[in-house]
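Following: one structure in structure tokens, then a few remarks.
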Amino acid sequence: MIGKKSSLEHVVVSPDIEEPQSSETLDLELKYTLSKKEKWFIVALISLISFFSPFTANIYFPAIPTMARAFNKSIELINLTVTAFVILQGTAPMVWGTLSDNLGRRPIAGACLLILMLSCIGIALTPTSAYWLLLVLRCLQAAGSAPTLALGAGVISDISTPAERGGFYGVFALGPMAGPALGPVLGGALARALGWRSIFWFLCIAVAICLVILITLLPETLPSRQKSQSRSLKLLYNPLIPIIGRKNRTSQLSSNRNTSQSPPHKPRFQNPLRLLLKKNIVLTLLMNSSAFSVFFAIVTSLSTLFERTYPFLNELTIGLCFLATGGSMALGTGIIGRFLDWRYQVEKRQLRKKLEEALGEAELERKLKEEDVKDVDKLVEFPLERARLKYLAEATVILGICSMGHGWCLQQRVMIAGPLVLQVIIGLISMAIMNSTTTLLIDQAPGQGSSVSACSNLFRCTSAAVIVTIVQPIINAIGVGWTYVLFAIYVFVSIPCAYVLIKFGPRWRAKERERIIGPSTSQPESDPSACGDEKRISDSFPSSSPVSLISPNVESKELGEVLQEKREEYHNLK
């Protein structure tokens, strides 16, 4: 690095703007080449794949008493399989998510579905005398199903720009949110009609169908893996029926026929735990995990509390009660995604208006054109955190109040309509908080969508596992009402995180960029970034290029090495 210092003086990389992996994959990035319909098709496919993560967890709940009798074990020991599932649900995506950010989304998704399918067959054939085997296979189920959420987040990061990401993630979340709604209902019906083993045979068949759809239709979206040079890897990275990007591939081949091809970029493995060194990501994870863990505690204790409070309910009707929460989440996720996109456009218009008042419309357009920036949302001073989190504090307050109301309704044995209505609100608000924070997480870690989603899984599943473990002893000690008051307090603690991110988030992103790049001491007078103002328009970079200013001293043969080194400085933060 010391020997190349002069070559790097004028290379400026914007870490908060998403960057292509190499000059070859620049034109192949799906976020810029795919049509809107093709993007929606991919989102629908990954939503279907991600459906199995919560579905596999929730379909199991109604069968717990039946399996306890079948295996001749206590409810506590069968619940231990749930705890093991949650632990693996939090840790497995750390491995799979990192692999998908380097090896590609498609092969990792296929491997996860294959593991899930085989584990379902194993559980369906498990003898009732082998409780240990049930525990092991449930862990394998979690290892195969949980990473699909992180993979979905990675695919959305690959194919979407920040301006459209909220809407895509909202529709993507329809699949995962349908799992908690449909899982308990189908699980209760299958266990009652055909026995508990039928649950896992049903899962096996459903996963096998999804795996066939993946192999047939889903393209590789990771930019560095979209063009495989090896024939042996063609099936691994390309669908059997390549209906996505057909026109783009034809035009790409014709445009590159007479151009020199650089060697394909070889991605390097990144440690997802390094993302936890960023203050903005940690604060976002705290907000996300608090909302998820409280929601998960409410859902997991629902069957026990409803059976105790409303004795007229049976297994099937209790399963139907889950539709209140799951249905509201599935219904609200699309609305929330549209809302996030609308908020993004509002902040963009406000920033443009502010800059036009300061510089004048003609000067602003000249500067944008000079920097090759399409719009003001690519500037470092764009308030990304405010666009995602402006109303998060109010939503968190509503979630806490409804949680308290839900607990006291159950303690006072209010008619069942009361807690069901509150469950609808809890599901909707929880989804709003989780979607907003997850979208921001993907924005904060460009190119590492699966890794940052895996970190999110680790945070919220660990928190949820702790709360689920202690919720029943707390209820026994202080009652349902006061337990849910503690839930509300836990959620309220995360409110300051939103205000801190809105106020300091842009500043942290700017400082991180300066720390990675280093202050420039020998810039030419014509360099616009020589201005001493902290927030300057010349600090912005186009989303289609990782470099805004390249020193003429950098030889073309060294450019690839220079760019790779700058990327590693950003991703491998020390």
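Glycine too: its Cβ is placed from the backbone N, Cα and C atoms.
What TrEMBL says about a protein is an automatic prediction, not a curated fact.
Annotated transmembrane segment per TrEMBL: 40-61, 77-96, 108-125, 168-187, 199-218, 281-304, 316-340, 420-442, 481-502, in sequence order. Residues annotated as domain 'Major facilitator superfamily (MFS) profile' in TrEMBL: 42-506. Residues or ranges marked as coiled coil in TrEMBL: 345-372. The feature region 'Disordered' is assigned by TrEMBL to 515-553. Per TrEMBL, the feature compositional bias 'Low complexity' maps to 539-552.
As a whole-number mean, the pLDDT of the domain 'Major facilitator superfamily (MFS) profile' (42-506) in this prediction is 81. Across 77-96, 108-125, 168-187, 199-218, 420-442, the stretch most heavily in contact with the transmembrane segment (40-61), judged by Cβ pairs under 8 Å, is 168-187.
Non-local neighbours of the transmembrane segment (316-340) in the same chain are 58, 62, 165-171, 173-174, 177-185, 187-189, 192, 295, 298-299, 302-303, 306-307, 387-388, 416, 420-421, 423-428, 430-432, 435-436, 439; each lies 6+ residues outside the stretch with a CB under 8 Å from one of its CB atoms. Across the candidate stretches 108-125, 168-187, 199-218, 420-442, 481-502, the maximum count of CB pairs under 8 A to the transmembrane segment (281-304) is reached by 420-442. Remote same-chain partners of the transmembrane segment (108-125), defined as residues 6 or more beyond its termini with a Cβ less than 8 Å from a stretch Cβ, comprise 46, 49, 52, 56, 96, 99-100, 133-134, 137-138, 140-141, 143-145, 147-148, 151, 197, 200-201, 203-204, 207-208, 210-211, 214-215, 218.
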